[in-house]
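Peer 1: The structure that follows is given in the form of structure tokens.
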């Protein structure tokens, strides 16, 4: 989970400056902005609308970060971005990194369709009209590898059996494309995949002796592993050709071990594979009896490869961090859960047996829609309805939110969410304002400890309004998070009255701080 950090702006100086000095400094700053001179900060080019064209003309590969000074995610990225720029420069790469303050350079932000921060785009050979969206990891090595693949050949040419054997044995995971025509469409699709999948080396071969050495007769992509199956072949369909998206997914799925262990090193692999279901075995690795359960777990995994990823979670190791997400403690091990990744629905297997047959039967039943999800619910506090803000839990939500005599406004929050904490006072004030209204209820629910069957919360805070009357209606609130706007929304029956637009002289927040009362955006919610 990535948490946004509030940006603390620099304080203003106490001394007043002479009017002429101020005017001179303002003119100097204006001249600097109007100039096409390119300055640097920590090896990163500082770009604006007057030097952007020059930067494109001088750098064949230019990765540009469009950021906002107040954006917590941008602040987290900044050191890694600067370190990546330094590493690329040290290896004399043609790749260069730059940054644009999109809140100040609105013309550039509009030109390139910037709607969230940070947004990274790659500009090639001075082409301004078709930048490439960055698809790599948001860390130093992810950025460096992604740029390296675009600066040079995305796949190494293997000339003979000796170079091929050395390449295949060079790492735990290696991909080699065997093509009789390296200039054909299938090979080009392969190069596209190689440019994106920067976490494993790609090679390419066309020599007949290499086809023979690896038992191939037609164009094939091979994944070589030092675990599970040594060589996995993905033949190119002679009619359909090579589909880059399908190949990418096949490589991601088969590059994982049949059964993964959840660790710091493997967590990115597990979630980036985009396998739709995860079957989790929670166990205590210090128990020899529980370790034996891995055998039946592995025996069940093969039948669901690509559809379900089997993962072992040590409840006293790295896995301890995810136990609250499942409402579990280490004492609950051993136990099994299946997670549907698209909506985080969790399914609990009966604990009577851990045999491979039982596991396969359970997984198939979930896939067939025959098992109901296991929903978390905290116990309702004794004073849940005595304070102005009513405290809801999973088991009490239905009776309160869908009370046909009440209009119920609910804040779904996470205890660790900075945006939730920032708006807490406004929510309390709103509840105080309406505490004597019989027809309006202001409530909140900890969505990390409580789950609902028909409502999925993807980010925090999420605000939903449940109007009185039949029909179980729900309206998501997406406007400004302040008491007055909340009140207008409630008084208008769950919609905001149409008002004439307000023209402001200066855009943005004058303090430079992250404002909790901004309209709903990617940066004003903490995502799951």
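Heads up, the Cβ atoms here are built off N, Cα and C, so glycines get one too.
Per TrEMBL, domain 'Thioredoxin' is recorded for 10-152, 352-495. Feature annotation from TrEMBL assigns disulfide bond to 71-74, 417-420. Positions annotated as region 'Disordered' by TrEMBL: 491-528.
Mind running through what each feature is packed against?
Peer 2: Looking just at the domain 'Thioredoxin' (352-495), the mean pLDDT is 94.
For residue 420 (disulfide bond), the Cβ neighbour count at a 10 Å cut-off comes to 23, with all displayed protein chains included.
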Peer 1: I'd like the per-state residue tally for the domain 'Thioredoxin' (352-495) from DSSP, helix first, then strand, then coil.
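Peer 2: Output for the domain 'Thioredoxin' (352-495) reads 45 helix, 27 strand, 72 coil.
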Peer 1: What count of other C-beta atoms do you get within 10 angstroms of the C-beta of residue 71 (disulfide bond), across all chains shown?
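Peer 2: Excluding its own Cβ, residue 71 (disulfide bond) sees 22 Cβ atoms within 10 Å.
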Peer 1: If one measures from the C-alpha of residue 71 (disulfide bond) to the C-alpha of residue 417 (disulfide bond), what distance in angstrom results, rounded to a whole number?
Peer 2: 15
